[in-house]
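These come from Swiss-Prot:
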type	residues	note
TRANSMEM	11-31	transmembrane segment
TOPO_DOM	32-54	topological domain 'Extracellular'
TRANSMEM	55-75	transmembrane segment
TOPO_DOM	76-143	topological domain 'Cytoplasmic'
TRANSMEM	144-164	transmembrane segment
TOPO_DOM	165-177	topological domain 'Extracellular'
TRANSMEM	178-198	transmembrane segment
TOPO_DOM	199-205	topological domain 'Cytoplasmic'
TRANSMEM	206-226	transmembrane segment
TOPO_DOM	227-253	topological domain 'Extracellular'
TRANSMEM	254-274	transmembrane segment
TOPO_DOM	275-286	topological domain 'Cytoplasmic'
TRANSMEM	287-307	transmembrane segment
TOPO_DOM	308-327	topological domain 'Extracellular'
TRANSMEM	328-348	transmembrane segment
TOPO_DOM	349-378	topological domain 'Cytoplasmic'
TRANSMEM	379-399	transmembrane segment
TOPO_DOM	400-407	topological domain 'Extracellular'
TRANSMEM	408-428	transmembrane segment
TOPO_DOM	429-435	topological domain 'Cytoplasmic'
TRANSMEM	436-456	transmembrane segment
TOPO_DOM	457-463	topological domain 'Extracellular'
TRANSMEM	464-484	transmembrane segment
TOPO_DOM	485-775	topological domain 'Cytoplasmic'
MOD_RES	Ser647	phosphoserine
Amino acid sequence: MADRRNRCNQILLLAYQSFGLVFGDLSISPLYVYKCTFYGGLRHHQTEDTIFGAFSLIFWTITLLSLIKYMVFVLSADDNGEGGIFALYALLCRHARFSLLPNQQAADEEISTYYGPGDASRNLPSSAFKSLIERNKRSKTALLVLVLVGTSMVITIGVLTPAISVSSSIDGLVAKTSLKHSTVVMIACALLVGLFVLQHRGTNKVAFLFAPIMILWLLIIATAGVYNIVTWNPSVYKALSPYYIYVFFRDTGIDGWLSLGGILLCITGTEAIFAELGQFTATSIRFAFCCVVYPCLVLQYMGQAAFLSKNFSALPSSFYSSIPDPFFWPVLMMAMLAAMVASQAVIFATFSIVKQCYALGCFPRVKIVHKPRWVLGQIYIPEINWVVMILTLAVTICFRDTRHIAFAFGLACMTLAFVTTWLMPLIINFVWNRNIVFSVLFILFFGTIELIFVASALVKIPKGGWITLLLSLFFTFITYVWHYGSRKKYLCDQHNKVPMKSILSLGPSLGIIKVPGMGLIYTELASGVPATFKHFLTNLPAFYQVVVFVCCKTVPIPYVPQKERYLIGRIGPKTYRMYRCIIRAGYKDVNKDGDDFEDELVMSIAEFIQLESEGYGGSNTDRSIDGRLAVVKASNKFGTRLSRSISEANIAGSSRSQTTVTNSKSPALLKLRAEYEQELPRLSMRRMFQFRPMDTKFRQPQVKEELFDLVNAKDAEVAYIVGHGHVKAKRNSVFVKQLVVNVAYSFLRKNCRSPGVMLNIPHICLIKVGMNYYL
């Protein structure tokens, strides 16, 4: 009984919190739906039946798409609790070979969160349809492009939502005051600038206000709706019957169909409900929507319909005109607050989708900021923040009329919903293992409805929808070009990797001079020796005594448990002292800015050495072989092989180095000193600990010797070697490929964050190796 009560309390708490982050965009739609619906030819059909028909369309659109499609079906297609367009794609990539990146390993499937509980789909034989997609590269490319189009629509919505939300919330000032429309636009721009400028500070100090603001807003609009129903037309409840939809199209004809571009605005923000699923639970979101959001919105739209059925002249400003005069200013203030909350949630969703896109190799490297005091999962991306702000201001100033912004907004939201509708049948068939008949029925029912709305929205392209096409094409081009270039570069690395025979033929010394220290060679290859290593030895025939090839890769799951992130293996015989470390992360994982990476790496390698000597064959050992890589996961004994103590020698050495540089008068050395002092705190933290093998008896003396070599190498010096590539298309490539690789992809590589910054590598420990790539 106590557990059941605790579960209920948890659901209620999450449902309460979801109002501030999930339902903001959907809840402010009443500000502009009727205004945009009765635009164009429909203004000439000002009858009660037309008003009732518009409300009936709104009611059934919310019911069929928001309530049934999303609450019943789409929310069930979560990826370990995460939602969004990339969650669906990741699910498909795990249950079928749909990914175009060839760096997936069998060991990835052994992650505890890779498959859901009770998931038996991996043991089922592949269907003919599934095998057809897996074998056909064009089908997989088409699926990826579909996902990237959906991703681009999310970013476009991130541009348009703040513009239409803030502008619509203060539109009432034009009708109620003598302010000019240009003045109202400037007020909206000022609010938008303030919203984006404060993004870098996070929302942890004000996030507790979001839910109360949205709940109060929903109660206000529901109360206003009830007031208008009782005051103006109590018989409006009859419009709940779909019969009025028939009457609507019978009386309005083509004008009624064109007005669907305004009707569809009633479900804008529904996709955000699914995208923000990871912050809450499907049960809590369903509870909040069905018990509060849905009835409040229906009452508000019904109330506006009752008011408009007796006041046709109020159509251009239907929402604020339906508010009683004594409550106008309080409602205006609440509308502005609700618009800011809704905009904040969409901006956060934009950061999140860009992070996921980058993690899965579909977006250029950008700075991702997460501070410990922020809400779990909250991130900030400076480049995206300023680009979205500039685009939002440009849309607000250029369009001025919120109806034109709304038409662009509606096209983006409906296209995103349409993409989800096309992905869901694949989920039903491949992930849920339901009969293909259910997939066909799903896409026929919901796809037909949404196709009608999309067709109506496309007609609005000259009246504002063109901005959606322009932005979505721009972002789709960027994401696909980056994915294409990254995939070609990976395949080039894979083709040019050094054969193991040539490494083994060099002997333990590798034919070079070995110096004390540890060299970490970063590569995208999950197997084999990268050409970067050979290129380095060719130009400088000396290297560190311990070599570790580090591969940071993203697995198509939201989060990888910390104890399962490091996969350690050996390259060549033990005397070579060459290891491989594969660091796996989920597409929602945020890299910590901590300085314990070197310590974790040394501990992991030491664990691998000991487990290898013990012939450990328990459940923690992955017996799969990736080339010459034996993948071993951390055991329960992890961290017990080495002891750690504070190194006074390194601290003293740092002080001596600083004194030497300070006394120098060389401008070059003084400049180097400035960079060194900037990195000194981080470097000191990385070097302040020394490792020593535990006082245990080793069955094999070679194990103790190898552990001492590992520890001494770490204490001596750790250097990070990263390839610095120059990418060009092959001379015999077609013109389009040369344009994409030599111009677009090269431009993105030169103007995005460097790998060293993304990997949190200290600048003074970084060595870049130049490489030429001909794709």
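Cβ from N, Cα, C; glycine included.
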(request) Determine which residues of the chain contact the topological domain 'Extracellular' (457-463) at the Cβ level, with the cut-off under 8 Å and only residues 6 or more beyond its ends counted. (result) 258, 260-261, 264, 403-404, 407-408, 410-411, 414-415, 469
(message) Cβ under 8 Å, sequence separation of at least 6 from the ends of the transmembrane segment (464-484): give me the contacting residues as numbers and ranges.
(response) 100, 144-145, 148-149, 151-153, 155-156, 159-160, 357, 361-364, 391, 395, 399, 403-409, 411-412, 415, 457-458, 740, 744-745, 748
(request) Tell me, please, if the transmembrane segment (436-456) and the transmembrane segment (144-164) are in contact, taking contact as 3+ Cβ pairs under 8 Å between residues separated by 6 or more positions? (result) no
(message) Under 8 angstroms for C-beta pairs, at least 3 of them, ignoring pairs fewer than 6 apart in sequence. Is the transmembrane segment (144-164) in contact with the transmembrane segment (408-428) by that rule?
(response) yes
(request) Could you put numbers on the helix, strand and coil content of the topological domain 'Extracellular' (165-177), residue by residue per DSSP? (result) 10 helix, 0 strand, 3 coil
(message) Based on DSSP, tally up the residues of the topological domain 'Extracellular' (308-327) by helix, strand and coil.
(response) 14 helix, 0 strand, 6 coil
(request) Determine whether the transmembrane segment (254-274) and the transmembrane segment (178-198) share at least three Cβ pairs under 8 Å, counting only pairs 6 or more apart in sequence. (result) no
(message) Does the transmembrane segment (11-31) come close to the transmembrane segment (206-226), meaning at least 3 CB pairs under 8 Å for residues 6 or more apart?
(response) yes
(request) With a Cβ cut-off under 8 Å, give me the same-chain residues at least six positions beyond the ends of the topological domain 'Extracellular' (400-407) that come close to it. (result) 32, 35-36, 39, 160, 163-164, 167-168, 171, 181-182, 185, 261-262, 265, 457, 460, 463-465
